[in-house]
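A.B. asks: In case it helps, TrEMBL gives these features for our protein:
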type     : residues : note
DOMAIN   : 1-173    : domain 'G-protein coupled receptors family 2 profile 2'
TRANSMEM : 12-29    : transmembrane segment
TRANSMEM : 65-83    : transmembrane segment
TRANSMEM : 90-110   : transmembrane segment
TRANSMEM : 130-152  : transmembrane segment
Amino acid sequence: MVMRLHCTRNYIHIQLFVTFILRSLSVFIKDAVLFGDADIDHCTFSTAGCKISVVFWYFCMLTNYFWLLVEALYLSSLLVVPFSYGKSYFWWWSVLGWGVPTVCTVAWVITKLQFENTECWDVIEGSPYWWIIKGPIVASIAINFVLFINIIRILVRKVMPREVHTAISSQYR
């Protein structure tokens, strides 16, 4: 029973749940740093702790979206390919789930340090550098939507009896 729990699917689920927990913790940390003292105007507040908490928050947000993407890609691969990938492919899923957000976050931090190192980095209005974080999130959501539609299409085709499927397709010939 316990050995059946050691599979790629469960490892991916664990990583996704970890990102949900980290994202929640990062919000608490960011809010404690930014709004912990009522006497400080958080819009002009600029310390290393403030910037680190905002960077951690964005990183956790990115990892959350990318592990959702990993879940969708893994489910799609299970429906399309008739055999299991096994644990060797889990490292590729990990690179996508943790590595891509790390690269995006580091690129954003370097860009912010070089071109927009003012105040705490929680203010994003009008910043073109925000797309370094927002772009991968939007791409992840778009890919997830396409995968969702494809998964629904595959499941409908598998559930629909063969006779009904051929009758419907011959109706439009």
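Positions of Cβ are set from backbone N, Cα and C atoms, glycine also.
What TrEMBL says about a protein is an automatic prediction, not a curated fact.
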A.B. asks: Are there residues at least 6 beyond the ends of the transmembrane segment (130-152) whose Cβ is under 8 Å from a Cβ of it, and what are they?
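C.D. replies: Sequence-remote neighbours of the transmembrane segment (130-152) are 58, 61-62, 65-66, 68-69, 72-73, 75-76, 79, 100-101, 104-105, 107-108, 111, 124.
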A.B. asks: Can you give me the average pLDDT across the domain 'G-protein coupled receptors family 2 profile 2' (1-173), rounded to a whole number?
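C.D. replies: A mean pLDDT of 84 is what the predicted model shows over the domain 'G-protein coupled receptors family 2 profile 2' (1-173).
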